[in-house]
Amino acid sequence: MALNAAAYAVTVFLLLPTLIIAPMSVGPERLLSFPPKGFSLRWYAAYFEDRDWLRATLFSAEAGLISAVCATVIGTMLALALVRGRLPGKGLIELLVIGPVIVPHIALAVAMFLVFEQLRLTGTLLGFAMAHTVLALPFVVFTLLAALYRFDVELERAALSCGAGPLRAFRHVTLPLIAPGLVSAALFAFIISFDEAVVSFFISDLDRKTLPRKMFEDIDFNISPTLAAVATMLTALTILALLLGFGLKRGLERRARAAGTAAEAGP
Amino acid sequence: MSRRPSRFLLGGRRYSPAASLLLAAPFLLLVAVIFILPLATLLHESLFVPAPTTAHYARAFAEPVYLRVMLRTLRIAALVTALALLLAWPVAWAMSRSRGLGLALLGAAVLLPLWTSVLVRTYAWMVLLQRNGVVNQLLLQAGLADAPVRLLYTEGAVVLAMAHVLLPFMVLPIYSALKGIPEEYSRAARMLGASAWSTFREVTWPLALPGVTSGCLMVFLLALGFFVTPALIGGPQQMMIATLVSQQVREMLDWPFAGALVGILLVFVLAVTIAFKRAVRLDRFVGSA
């Protein structure tokens, strides 16, 4: 009982700091207060009127989308090779997969900064896309390894024995069955890129920066109330993305199950 | 990983080594250029610039300022791990004993922060803890303080905010360990006359230990190299190693020394990882998230 009470207290501790920003962000005064002294959307307007904020948001979205696609494609290929192939040096490759998780981001960030300067990749979409793809890959690979291990190969073999070519069997049987894993992986990758602050902090330049880097600067120099509006919108977006991802995954799982049953019912 | 050989086939055969390598090629290429090359270049700076030397490493240990930063980093990481464990245990336990809506609510409370931007959460703490922030207003209203208390830029604030940010990484592995313990075990222990405390000590804790180790390791490693939260909440007063590295690179432009600091951090992180190799379980997070 006491433990349950403690659990809910910790839950409040987990959620409260982030959620308390929402009511504060609609306060009209420069000095944020709780409860807010009135209601005003001026800090939201300030965000939408500021080209710097909008450009940073757009840049983050672009980097996030490109990294999500690249990481999902590259990660799926690697997961297939790890599960279904005979890969020379497999142990070493598995070590490389978890590398970006074990190595602190500050180490990677500074190291990338050093090399990106020489390659003129700082502040470029290409640089961000590559850096974020590397950071997202471990999560993508692990998600897909789980999906592929769960996958029943007999279904694919059944398709083959019914006369489907390997590519057709892959496209019509394997792909739909691992689709929930692919969606989770892509969503993971997008959020990792979109939220990534440390590498972005170093490889941004004055002109081209991501949203987290812009937020970092703003927090560091002046805690402007615009940030409260941005933080609230980001939290709302996260909740939306989680719900969407969850719903999409459930839908795909249901379809995958239906496909699996249909394949099993076949000859 | 491939104990089940002939199950994973495409077109009736396992991929040949050549085909497997082709599939892995984009990954290997990217990791070589964006992961290995940068780290190797940075470490090369620390050891061979201007000439082969270990002086940059020696400097980190010789000067009290830097030694203090490294010790503070270790202390804060340890405190964050302890606090996170203390806070995570009840949540993980409650999650493992709930079903349906209760589990969904607790799970959402853990996952939402995990996916909310670290900057948003750090910013929230700054708003709460600043001079005329919410916490100080409460303290003044309650008569617990006569003047606003300095909360930001203290070690306590850094530990609290970091524990908050890293808490999901502690809850999830402990939850997945606790979930695997049948409820009958503790009930049986209680029926045999064990007190609640000895049930916890003799039954629950040992069975949960793999999850606890995994969570502690994850939080400790992440805390050691943490940049955003200590940089903003701790300020220069509570400098940790990541902030020091950043300062050396951005303000002093001392790449060899920054490289040496990164080298020390890497050696430490790798040593801890290898010592607890079996506890590093990324799949726990992926599986539950």
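Glycine too: its Cβ is placed from the backbone N, Cα and C atoms.
Now, the feature entries from TrEMBL:
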type	residues	note
TRANSMEM	B:21-43	transmembrane segment
DOMAIN	B:70-276	domain 'ABC transmembrane type-1'
TRANSMEM	B:74-94	transmembrane segment
TRANSMEM	B:101-124	transmembrane segment
TRANSMEM	B:157-178	transmembrane segment
TRANSMEM	B:207-235	transmembrane segment
TRANSMEM	B:255-276	transmembrane segment
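Taking every recorded stretch in B:21-43, B:74-94, B:157-178, B:207-235, B:255-276 and counting its Cβ pairs under 8 Å to the transmembrane segment (B:101-124), the highest total belongs to B:157-178. Among residues of the same chain six or more beyond the transmembrane segment (B:207-235), those with a C-beta under 8 A of the stretch's C-beta atoms are 73-74, 76-78, 80-81, 84-85, 88, 92, 118-119, 121-123, 125-126, 129, 152-153, 155, 157-158, 161-162, 165-166, 169-178, 180-181, 185, 241-243, 246, 265, 268-269, 272-273, 276, 279-281, 284. Here the transmembrane segment (B:74-94) does not touch the transmembrane segment (B:21-43). Their Cβ atoms form fewer than 3 pairs under 8 Å, with each pair 6 or more residues apart. Same-chain residues lying 6 or more positions outside the transmembrane segment (B:157-178) and placing a CB less than 8 Å from one of its CB atoms are 76, 79-81, 83-85, 87-89, 91-93, 95-96, 110-111, 113-114, 118, 121-122, 125, 129, 151, 204, 207-212, 214-216, 218-219, 222-223, 226, 229-230, 233-234, 238, 240, 281, 284-285, 287-289.
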